[in-house]
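Taken straight from TrEMBL:
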- B:12-36: transmembrane segment (TRANSMEM)
- B:66-92: transmembrane segment (TRANSMEM)
- B:67-270: domain 'ABC transmembrane type-1' (DOMAIN)
- B:104-124: transmembrane segment (TRANSMEM)
- B:144-168: transmembrane segment (TRANSMEM)
- B:188-209: transmembrane segment (TRANSMEM)
- B:256-273: transmembrane segment (TRANSMEM)
């Protein structure tokens, strides 16, 4: 009898060791700040039935750049309510992989996020209807939520914007030069002017003390999302807008890439007026590019307001906070003088429909706490830097960082047409990767732009068809 | 003694068996099952029969391209790694001063993980290519030779140790006798050394073959398939299929099963072929 116990003990310890190992691998590379013991699946005693006060919420975080803030929130939330918030962060670009393996576990994430209608199509079996949650009631623009058949399955939790970030100090220096092509940034309101200014700046980069106008166009595989997703949003937005295409319909299953030339305009401008030669772009990452901007080596960089933490976090940063401004991405469309930034979100909270109802409730309570209590709101605006789309926030509860301010400014401007985030309906990651790879080859000179265009159109078609979504 | 061993066999073998079952056998069987299904997560599979296997070849050419790249890479690296490591082993069994130091130094790269190695070599190769205004992604050939160099650097030391063990096992009197009989050093190498280290050759070719064929980390870190998947090897292609496209998880899984069958078949054939060349000493 005793022996059997020993065997049993041994077996169990093996089991625990094995599960710990799996937990570690799936979280590998994650900037997960939570202590190892709290990682899901590692503790055998985790019979997660929340009794009275206490309990645990497993939250799978998408944004590695703010992982540390979530850890602080978790600490505060536990002190306040006794509910433990377990934050696991997926490493940059691996969210879908991590979610895929985590959600199959017994202790699956209760709170996770989907990236829009495409994400919902993949995860629909796991998304709980959030129509009756308090947080949804406070959503200012209900049309932003992910809806399907009368239910609400994803609540946007942040509004973000991107465009061309420029360093005003360098711009002013240029405007002061003799024969400058413009005298203020306000004059730059279309592609022709932008091109004129940028090319003149490149010609006089020594005078301006910069290495290039644009920070390097990062085209390393996995670092190319600013082009194959964000920049590509503009031509696609106009294609659908001018063609009156309903984005929820099947009409988005094929595209013509009508404004490919406009895409080429701006892309050429980026790669030919950059800090590095086009042939070297295959080794540049987003971090490289943000660092170049922060160190004052480049005057402009295309990115969104989330990049503020990256810019301010660079060692030896020379860019002053008040000098960081946004300008829309002009691609040479008619009437683009009134075009604004690209504003939207691809971050939607979803609650695991297959989780224990008590845990679902805990997750809902936590979300509401984060977006309505004073402490929670303070975290959201000042630490996470989110522009929250909820009416629980008053006008003075907005993030103070310069880029978020700029996004708010642009949203409030009269007569400006904000570009929506239509890339939410791009087929899938494979399409984006193929597009990015084609752009890299174009930059290196091994493909022509016509070939790139052809790849985009064909890959879009096959990937849309291949999607069971 | 025998009896006690039998009695406790279960207890001693059990932990390993359980670990083996948990970490290998069960996932493996599940994997085979999943290759016949359509699934988002591994717990909600829907049976679709052979469709995934058909799609491996009809969806696009990626799998075949990756297979061809992998085969070319494997052939080149088996030859280079084995020739170079054998040469090093010969050198380092001649009793040169500092032999132990050299052996350690050559073995060291093997202790560094694949991802780290991949990034290190990416930096080195890009550093060289920068002066020509290009990077490793400029041409698939750069990635190919980059991978070969990386793989050589990593595996030569390990294979060298195995060859050294084999060479040291050759009875010195045989070589001495051959020398007295007037054999040249090349004849000694051909007629005595090589036949007698055949067991090491078997092991080393087996290891290089399987390691090159299922290379993943180094490939991911060095080129990640750039430009346009032209340097993607099989394992990377499987990974991309599995994660890059919703609804294709089953296809990725089917590729993985085919991959397993290929590696197993090639490795077993190779074992059989080189085994038959081994001689008793």
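Numbering starts at 1 and runs along the chain as it is shown here.
Cβ from N, Cα, C; glycine included.
Worth saying up front: this structure is predicted, and the values here are computed from it rather than measured.
As a quick check, the transmembrane segment (B:12-36) and the transmembrane segment (B:188-209) miss the bar of 3 or more Cβ pairs under 8 A, pairs 6 or more apart, so the two do not touch. It is B:144-168 that, among the stretches B:66-92, B:144-168, B:188-209, B:256-273, forms the most Cβ pairs under 8 Å with the transmembrane segment (B:104-124). Taking Cβ pairs closer than 8 Å, the transmembrane segment (B:144-168) reaches residues 69, 72-73, 76-77, 80-82, 84-86, 88-90, 92-93, 103, 106-110, 112, 114, 117-118, 121-122, 125, 136, 193, 196-197, 199-201, 203-204, 207-208, 211-212, 215, 218-219, 222-223, 231 in its own chain, all 6 or more past its ends.
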